[in-house]
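K.L.:
Pulled from TrEMBL, these are the listed features:
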- 17-35: transmembrane segment (TRANSMEM)
- 22-482: domain 'Major facilitator superfamily (MFS) profile' (DOMAIN)
- 71-95: transmembrane segment (TRANSMEM)
- 162-180: transmembrane segment (TRANSMEM)
- 200-217: transmembrane segment (TRANSMEM)
- 301-320: transmembrane segment (TRANSMEM)
- 326-347: transmembrane segment (TRANSMEM)
- 354-374: transmembrane segment (TRANSMEM)
- 394-417: transmembrane segment (TRANSMEM)
- 429-453: transmembrane segment (TRANSMEM)
- 459-478: transmembrane segment (TRANSMEM)
Amino acid sequence: MDNIASYNVARKYEKRALLILINCVAGLSIFFFGYDQGVMGGVNGNRNYASTMGFGMFDEQQGLVTIQHPLLQGGIIAVYYLPGTLFGAFLGGWFGDRYGRIKTIAVAALWAVVGATLQCSAQNAKWMFCARTLNGIGTGILNAITPVWATETASHTSRGQFVSIEFTLNIFGVVVAYWIEYGTSFYGQVNSSFIWRFPIAFQIVPLIFLFFVVWAMPESPRWLVKVGREEEARFILGRLRGEGDGAAEAEFQDIRNIVELERKTSSQSSYLAMFFGWKSGKLHTGRRVQLVIWLQILQEWIGIAGITIYGPTIFTIAGVSPQNRLWISGLNDITYMFATLICVFTLDRIGRRWTLYWGSVGQGICMFCAGGLARATINAKNSGGSTSGVGGGAIFFVFLFTAIFGATWLTVPWLYPAEIFPLEVRARGNAWGVVGWSIGNGWTVLLLPTIFAKLEEKTLYLFGAVNVVTIVVVWALYPETNQRTLEEMDLVFASDSIWNWEAERNFKILKEQNPELVQATQRGNSVVDPEAGFKGGRQGSLVPKELSLDANEYGNGSEEEKVVAGVKHDRL
């Protein structure tokens, strides 16, 4: 392929080796995301940073930074999400659908380098506000496009595992940020700005590496088909899947079929049209947008934001000293990282819905127990009794909650948006998920300090109740995506009903009546590709003119007409 650069890794590697390389580069992008989030946790508690930004001062007696202007402190954190990552998501989705996944990742990396440079050199709060916003835009672009690129190159049988590994690297980024900050805390001059500037500056290293290495990666074959570069798409799919059994050709035909079908079914592409579902026909894009936004918002309100904010307070209530609290927090992050590996082995086996189910159950129990034990610890301390037992129990449930979240709710809300949207607007669709994440984070960062101040440990009961609600919400509204190709998701969401059971019933009908659209998931077919003339084990075919996403068209008609239609399909 002359259009594919000689240094592109797809020319040298194929199948598993090529997928591993793609996963490493996508993982590097997600690693930066985790590092960038984690680094501010330690920076906010630095004495020089607090005085430079003007929101607090260091209390020598307590050994902690005393916050004098919490709104200023929270605002510096919040602008990263609102408007930073929110605007970046919209920009990344538009750019990714128009110019491709690879160019978008490169632009985002360069943008984030500028933002990180401005952050580590900030001299006052106004400077930091601007720098945090710019850095958030770069992160938003990366978050909008990286999961899409990963899911579009991965096989449908291991897509969950592919993305789960990346989010293990995401939490590894949080761990690296924490321990770098822990190391710089021992710097000789306790009031030196180096202690907080170096950890922020360190993120520039993976960003520069990402910018250069991503140009050697293969473009998404699905995006290539969408823009009419079919021969390049065929070549890359052949390298990704292998060319011996016809799997690549079958998948290529499925992609081409769905591109044609989506263009016939829908005429919408703007963000506003997607949000309201205007002109989306049976693709029901508006419903998909609402699902991914609320899944990301729920991810924050099931308790992870609360544990991040209130966890250190629980450690303090339990009698942990400030010095030991650093070690316990770092150990919790390491537990969190290893827990994400559970998802790598379970997500493609039990599916997205059951992963969320067991996560909600476990997290809800942890929230109620942590809240109760925190109150028991406070009562024991006030009455002069021993707090070691109940305090240790509260710490245990903080650790357990973090581990369960890492194994369940961390990954699925990021994977689901990259799976369910039509190819025509997939990057923009995934951007809506980042919008939900930005709203959820910005909302919690601003509101939770006030809520905790009023309700204290009772806030954890609120999180426990939200976990209970999520079980019902996921069961009723969120269709399963596991072991289904990205092309099949248009059939899953073709139902006019919002209820999951109706979507599954409708999907079954459409799949039976549209075998040409799902060749990549079938076995034992022997169909000739009209253009390539290739016959193999799993080949695709062209879209017939009568193909429709309306299941009612197949539910009517006489038995004789259905038999005739079946014979026509057999002859294709």
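In case you wondered, yes, glycine gets a Cβ from its N, Cα and C as well.
Computed from a predicted structure; not experimentally measured.
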K.L.:
Check the transmembrane segment (459-478) against each of 71-95, 301-320, 354-374, 429-453 and return whichever range has the most CB pairs under 8 Å.
P.N.:
354-374
K.L.:
Quick one: do the transmembrane segment (200-217) and the transmembrane segment (17-35) have at least 3 Cβ pairs under 8 Å, skipping pairs fewer than 6 apart in sequence?
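P.N.:
Yes; at least 3 Cβ pairs under 8 Å.
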K.L.:
Please check if the transmembrane segment (162-180) comes into contact with the transmembrane segment (326-347), where contact means 3 or more CB pairs closer than 8 Å and the residues in each pair are separated by 6 or more positions.
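P.N.:
With 3 or more qualifying Cβ pairs, these stretches touch.
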K.L.:
Which residues of the chain, 6 or more past the ends of the transmembrane segment (354-374), have a CB below 8 A from one of its CBs?
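P.N.:
Result: 302-303, 314, 317, 343, 346-347, 390-391, 393-394, 397-398, 400-401, 404-405, 407-409, 411-412, 457-461, 463-465, 467-468, 470-471, 474-475, 478.
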K.L.:
Count the CB pairs under 8 A between the transmembrane segment (429-453) and each of 17-35, 301-320, 394-417, then give me the winner.
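P.N.:
Ranking 17-35, 301-320, 394-417 by Cβ pairs under 8 Å to the transmembrane segment (429-453) puts 301-320 first.
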K.L.:
Using a Cβ cut-off under 8 Å, which residues of the same chain at least 6 positions beyond either end of the transmembrane segment (17-35) come close to it?
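P.N.:
Same-chain residues near the transmembrane segment (17-35) but 6 or more away: 9-10, 105, 109, 112, 139, 142-143, 146-147, 149-150, 153-155, 162, 165-167, 169-174, 176-177, 202-203, 206-207, 209-210, 213-214, 217-218, 239-240.
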K.L.:
At a C-beta cut-off of under 8 Å, are there same-chain residues at least 6 beyond the transmembrane segment (394-417) that contact it? List them, or none.
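P.N.:
Distal contacts: 143, 147, 151, 159-160, 163-164, 167, 170-171, 291-292, 295-296, 298-299, 302-304, 307, 311, 314-315, 317-318, 320, 328, 332, 335-337, 339-340, 342-343, 346-347, 352, 355-356, 358-360, 362-363, 366-367, 369-370, 373-374, 377, 429-430, 432-434, 436-437, 478, 481.
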